[in-house]
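What follows is a single structure, written as structure tokens, with notes after it.
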Amino acid sequence: MENRSQDGEEEDPLFADTLNKGGGGVFQNRKLVDIDYIPNEDRIVGRSDQIQQVAEEIAPLLTGTPANSILIFGKTGTGKSLVAKHVMERLQSEGRRQETDIGIAYVNCSQTTTTSRVVRNIGQNLCTEEAATNFPERGISVDEYYERLWRLVDDQFDGVVITLDEVDMLKDDNPLMILSRAGESGSVETPISIIGISNKINYRDQMNQRTKSSFGHREFVFDPYDAKQLQEILENRRDAFKEGVLEQGVIPRIAALAAKEHGDARKGVEVLKYLGQYAEQNNKSTIAEDDIDQVREIAEAERLQDLLAGLPQHTRYVVIAIALLTENNPNEDWFRTTQIIDAYRRFCSREGYDALSTDRVRELLDEIAFLEITEKETQHSGKGKGTFNQHRLLWKPDVVEHINT
Ligand SMILES: Nc1ncnc2c1ncn2[C@@H]1O[C@H](COP(=O)(O)OP(=O)(O)OP(=O)(O)O)[C@@H](O)[C@H]1O
């Protein structure tokens, strides 16, 4: 493939020391283990059918004809974002070859939940740095953002593809509907295709009827990877490290652990990255299987931190309250809502925070279950005695302690 700058390219020697050789100097190409790195096709494992299918849906943009909008579902770390970004980039470079201007934008809706932010980010993604001033942070209405976006799309592109990752986090699916029906409603002439990504398989049920119909039945479900695929994914990143750094058995063990974690490639790649950093900080020139346990906790803490980022502080306190309960009750892992509310109140009073109302804490418990930080289930108390909810932390409690309150 041409025009793919991420892979195989040498780093500028001027910065190589800082990028690769800090401390123990174990890296030779550190970016290969960055989570946002989009690997070249020959490093992507087990997704050629999905790449082909997504490409077929959006390919009509190359001829200026309307293309489909699609939804991709699958658990975390199953390559959804990777496939979307990879296909978008290839479409854009094929467009360049054919002198067709394809605009691409990627927006993560977990950090961009309101309509105006989504539309603004798409605009900023599509245009040059100077033109991005047309999409200021504040001061213009949602309608004006849309107007500017339509103008940009029609003025500069022959086709546009927009990926909305974690689309289920949007406050409402208005932007999804407006963007996917922009051509039909006469807002733009240039065809726009949307790739919506979610790890909530039942997300479709939450979509309103009109949005659903604009996505038709073009849905793809990505299965988790098995241990063999995970091992290959990680082997394909081995050259992030200098030769001989990763001892035998390191990659198979990370792959086996990631396979247990629902086939999550993200976890595997992250552990590789942390292993390198750990080796550097400790001036080690090789990485052994025993080092894996040291870094997994750090990797998990960071992931959880990511999950909680942007959420209200009290959401974190509720998570901490559940972690404390779990730690103080080694033989239990399910806790009733009332137990958690009591633990949360104790935590708040100890730390000097004003606790939120019971109803609000119940809502927060639903939010953290939705984010898969906890699992929630409803139990029956016994004949005629009604029901109660209980919750279980899906992360190790000591990991939660790493969270900054
Ligand atoms: N098939 C694959 N081949 C090589 N690397 C992969 C593959 N699938 C995923 N990865 C790597 O695993 C990490 C996570 O992948 P990605 O972000 O695409 O997952 P996702 O399904 O979008 O997860 P999430 O829902 O958490 O965003 C990335 O670093 C990606 O490069």
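Every residue gets a Cβ built from N, Cα and C, even glycine.
Between the stretches 1-21, 379-399, TrEMBL puts its region 'Disordered' entry on 1-21. Compared over the binding-site residues T78, S81, the count of CB atoms lying within 10 A of a residue's CB peaks at T78.
Secondary structure of the domain 'Cdc6 C-terminal' (319-403) per DSSP (helix as H, G, I; strand as E, B; remaining residues coil): 42 helix, 17 strand, 26 coil.
Least packed by the Cβ count within 10 Å, out of the binding-site residues K80, R237, is R237. Under DSSP, K80 (ATP binding site) is assigned to a helix (H, G or I) in the three-state scheme.
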